[in-house]
Structure formats: C-alpha cells, structure tokens
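Q: According to Swiss-Prot, the feature compositional bias 'Basic and acidic residues' maps to 12-25, 72-89. Summarising the annotation, Swiss-Prot assigns compositional bias 'Acidic residues' to 140-149. The region 'Disordered' annotation in Swiss-Prot covers 1-156. Marked as transmembrane segment by Swiss-Prot: 175-194, 200-225, 246-271, 283-301, 313-332, 352-372, 393-412, 428-449, 522-539, 545-567, 579-605.
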Amino acid sequence: MNKKYGTSSNNHDNKKDKKNNADKNKNKKNTTTGEENKDSNKSLVNNDSKKNDSSKNKYNIVKANIKNIFASDKKNEKSDKNEKNESSKSSKNTETYTNVNDKKSNNLITKGSNDKKKKKKDSKKNSSNNNNNNTIVDISDGDYTNDEEGTNKPKRNWKGRTFSRFTPGGVRSSTVLFICTAIGVGFLSIPYVFSKLGIILSIILIILNAFESYVTTNILCTSSLEHNTFVYGNLLKKIGNKYYKTIIDFGLSFGFVSSYILILILISNFLSTIFYVFNFPTLFTNNVFLVILICLLILPITFRNKVGSLNHFLIFSLFSLSITVLTIGLQTKSYNNLLINKEVNLFKMDKHFFKCFNILLFSFSQQPNACFITGQFNQPTHRRLNKSTFRSVILQVIFYTLFGILGYFSFLNTAKDNIVLNYENSNVSILLCKFLLSLTFFFSVPLNFMGSYQSMLALGITTRDALYKLYTYIFRRTGYSANLSLLLSEYTNDPYQETHADNITEHSSVSESQTDDQNQRMWISVIVTIFCALIACKVKKLSNVIGIGGGITSTLISCLLPNLIYYKNRHNVSNKLKRYSTLFMLCFFSFMGFLSVVVTTLNLIL
C-alpha cells in the first residue's frame, strides 16, 4: 500500500511540475508579447514624430494600442483564472496527501506559494506595460503635422509670435494697418497741443480720445461681420437708407482729400529743406515742382488693390516713427537748456482748446479703414479683431504721449504746430527724421486710398446721376431728350456699379473693394491727385487745415456715424448701463467735434 501511495504521489508531483513549467512559459510569452507591443508602440510613435505624418497615423496607433490593451487584459484574465484553478487543485492535493509524506507536502506548499508570487509579479508587469503603452501615444494638441498647422497649430512663445514673419490678414499686420491709418500728419502737432493745454489736460484728452477710438472701431468691425459687408457706405445703407451712404461717402472722400493735401504740403516742405542744405539745384527746392514729382511717384502705388503688397512699407513707417521719437528725446535736454522762459504748464484752458481737441480726435481716426481692414482680415473673429484694435490704440497712446512730452520739454510754449519746424536746418539728425517721415506719409496715401476708393467711386456715380437729371430737366422740351434716353439706355448696366461678394463668410479674407475694375481705380486716382496738387500749392498753414478739415471728417466718420450704427443695434447690448453710457460718450464727442470746428473757423475769420 505504501508503495502505491508513493508512486502515485511521485506521478502527481511530476504532473504538477509540468503544469508549473507550462504556466511559466505562458507568463514569459505574455511578458515578451507585452514588451514587444511596447517596443512596437514606441517605434511607431518615434517614427511618427520624426516623419511628421498626418494626423490619421496617430489615430491608427491609438486604435492598435487599444486592441493590444484589450488582448492583454483578456490574457491576464485567463491567467488569473488558471491561477485560481491551480491553487484550488494544489490545496486539495496537499490536503489529501499530507498524511503520506509531510516533507513533500511542505515542499509543495512552499513551491505553490512561490509560484503564486511570481505569477502576481508577472501580472503586475503586464499591467504596467499596458499602462506604459497608453502613455506613450500622444493624442494631445501639443505637436501637429504640416496638414494640421492651419487649424490646430500649437501656441508659440511671445518671442516667436513677435519676431516671426508678418502674414497678410493676421493680427499683427492688421494692428500695423490700424496704426498707419491713424498716425498721420496730426502726429507732428502733438507737442503743440501740450504747449497750449498743458501736460495733464493733454494726457487726459489723449486717453479719452483713445477710448473713443477703441469703442467706435470695435462697433464698425463687429457690424461689418454681422452684416457681411466690408465697405463703410454699404454698411450704413444696410442699417439705415441710401442717404446715410451718401453722407459717409462724402465724409470719407473729404477726409482722404484733406489728408492727401496735408501730406503733399509736409513732404514738399521737408524735401525742399533737405535739398537746400545739401546744395541741390534750385529746381528741387521749388515746392510746386516737388508737389508734382511726389504725385507722379504716388500714382502707380495707388493703382494697387491689395494691402498685402504694402506690408513691408508699413512696417518701415513704424520704424521711422520710432527713430523720430528717439531722436527728439535724445536732444530734449540740449534744446531745453537754450530756453529763457522755462515755465511748465500742467493745466491750461483757453481758446485753443477746441482746435487742440480736433487735432487729437484727428490723430486717433483709424475708423475710416475699419471696415476695409476687417474685410482683409484672416479669420475675422470678434476676439482677433478686438485684440488688434486694442493693441493699435495702446501703441498710439504710447507714441503720442512720449512724443508730446519730449517735444514739449524741448521748446515748451514756443512749440510750433509742426514740431520739426522748430529745429534748425543744420541739424543732420532732424534732417534724417524729415526724410524718414516723408517716406512714412508717402506710403500712408495708398493705404488711405484703398479704404476710401469705394466711397469716392459711389460719390462720382451719384454726381453723374444728378447731372443726368439736371440735363433732362433743362432739355426735356427739346429734341435732346430723345438722344438722352438713348444715352441713358446704354447705362442700364452701370459699368461703375459697385460689385461685392454676398457669399463672404466670417472666415473669409476677400474684400469687396478688390473686385473693381483697374481702369476705374486709375481714373479716380488721377483726378483726385490733380485736385489735391492744385490746392497743396496754395495752402501753407498746417494746424488750420487739421483743425477744420480733420475736425469735420473725424467727427463725422469717427463719432456721428458709429453712434448711428450703435443706436440701430442698441438692443443687442443687454446691459443698459453699458448701452446708454456708450451712447452718451459718442454723442458727447460728436457735439464737441462739430463745436470745435465752428469755434476754430470763427477764430480764423474774426
């Protein structure tokens, strides 16, 4: 009997050892498959990151990993079940054979416990391998391939965003467009404002005008997006009626003409001084000759219909303005020491207040090109437009405040309406600033022409129609009426009619003004240039032109008409305090603008 039990127990031990060895081999296979899966996943991810494949490869890797996870989970479940069955069998076998041989049973128990520990460790390793497989695959928005750069591009740091190349229609390029639209001839009259009003009152008016410019620019940009039109006149026509469009067309046209005249006066004065100092022929010191020469150089640039072609010139304009501020700042102390009366005014109120108010209002007038820039914007969302307008206004405040304070402390109460005229002609650094400013104002003309071209075209069509009506009224009883009817029938399809794309969405970068015929643009540019050149040869006083002409256009375009647009859409603003405070502010600036024009005109007459 003992022999039988001994042989049976030995056979049982041999079978159990075989099972244990088989289980170990299975666990080794599981671990090796897990490690192979891990290595394969790592290699896949590394290859994906190196080659920058499309986003589909990432999702395929994720699916493959998920399948591997489920497969390994099933294997782990099977191994756990086998462990339980084997443990139950081993416990039963040890209980039945304890009376036969205690030493062998103790050895079996210790072996079973050690096997269980090893199996648990192996299962933990498999689970950790699966977890590692999950963390290796990167499905976040950190890195993207070239196919995804347009939509889900990772954010770069501020250095990469600031010093990277300008993209047409981007936030930075649109900010530069707003700044170059606003900073014009009025920039040189800021120290004159400080000398007449004092430092504190001038800074207060700068902040108030900056806030008004920010609010009205946002009103125009958001209204252009909502009504899907990027021409100022068409926006007012949709909101109001055709008479509103005529008013804004006149305002934009008059504003461009007045700024064009001022720029021709300034550039001719600057260049004549430079040519005189460097002993050029007397022909180049003649203002009339210089005005004609400048107009001939400006004309070809105004024929362009895309803002992107002017990006490099506009960036150079900001550079030249910065050089001018630095040059005047470095010479402030030396010129201040030459003054006899060094009394500094902090707050001053006199008859010059209204003219200075209009100069500052004109200096922040970036609204004429607001709709046009919105049409040129790439992905014109409210957040991106708000960011661009806010940055442009902040930079204008910094420029005007620094330039006004530095120019005022250089000459105090003797500052002229054009601060550059206070410097002697022998100052080489100021001559360099004059040349840089001439280039800045030169390239601002085609930019402003792009924004006001549609208005001048529409105003020309309105004038032509009025002349046709007058013609029919005078000759309606004569035989000329029949010829006129034939003439009018040829214009049923108006060749000058403005064409604009109605299918432009919020994410479109196509402007309505880009579809016009090139010949119309050339004719209007030539006619307006000749008209401005004739006036520029006669007018010399700068501040009076800004105070009257700039005051009318700035008040009309920057205050009154945005106020009308905001009043039409006032129900879209749920907060009543914000609604009525904005209306009050716009009404106040509209009233002050027109009052300043009247007072400035009366001061000149009387």
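Using the three backbone atoms N, Cα and C, a Cβ is placed for every residue, glycine included.
Given the structure is predicted, the values throughout are model-derived calculations rather than measurements.
I'd like to know what surrounds each of these features in this structure.
A: Beyond the ends of the transmembrane segment (283-301), by six or more residues, the same chain brings 264, 267-269, 271-272, 275-276, 310, 442-443, 445-446, 525-526, 529-530, 532-533, 536-537 to within a C-beta distance below 8 angstroms of the stretch.
For the transmembrane segment (352-372), the residues of the chain that approach it from at least six positions outside its boundaries are 177-179, 181-184, 186-187, 189-190, 192-193, 196-197, 202, 205-206, 209-210, 212-213, 216-217, 220-221, 224, 229-232, 235, 252, 255-256, 389, 392-393, 396, 400, 447-448, 450-452, 511, 513, 543, 546-548, 550-551, 553-555, 557-559, 562, 589, 592-593, 595-597, 599-600, 603, judged by C-beta separation under 8 angstroms.
Listed by sequence, the residues of this chain that lie at least six past the ends of the transmembrane segment (393-412) yet keep a Cβ under 8 A from its Cβ atoms are 175, 179, 182-183, 187, 190-191, 193-195, 199, 202-203, 206-207, 210, 213-214, 217, 321, 324-325, 328-329, 331-332, 335-336, 339, 341-344, 360, 363-364, 366, 419, 422.
Packing against the transmembrane segment (522-539) from elsewhere in the chain are residues 256-257, 260-261, 264-265, 268, 287-288, 291-292, 295, 298-299, 302-303, 449, 453, 456-457, 460, 545: each is 6 or more residues past its ends and has a CB under 8 Å from a CB in it.
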Q: Among 175-194, 200-225, 246-271, 313-332, 579-605, which stretch has the highest count of C-beta pairs below 8 Å with the transmembrane segment (428-449)?
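A: By Cβ pairs under 8 Å, 313-332 leads among 175-194, 200-225, 246-271, 313-332, 579-605.
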Q: Residues of the same chain, at least six outside the transmembrane segment (246-271), with any C-beta under 8 angstroms of its C-beta?
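A: Distant Cβ neighbours of the transmembrane segment (246-271) are 184-185, 188, 232-233, 236, 284, 287, 290-291, 294-295, 365, 368, 418, 420, 434-435, 437-438, 441-442, 444-445, 448-449, 451-452, 455-456, 458-459, 462, 528-529, 531-533, 535-536, 539-540, 542, 545-546, 549-550, 552-554, 556-557, 561.
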Q: At a C-beta cut-off of under 8 Å, are there same-chain residues at least 6 beyond the transmembrane segment (579-605) that contact it? List them, or none.
A: 211-212, 215-216, 351, 354-355, 357-358, 361, 544, 547-548, 551-552, 554-555, 558-560, 562-563, 566-567, 570, 573
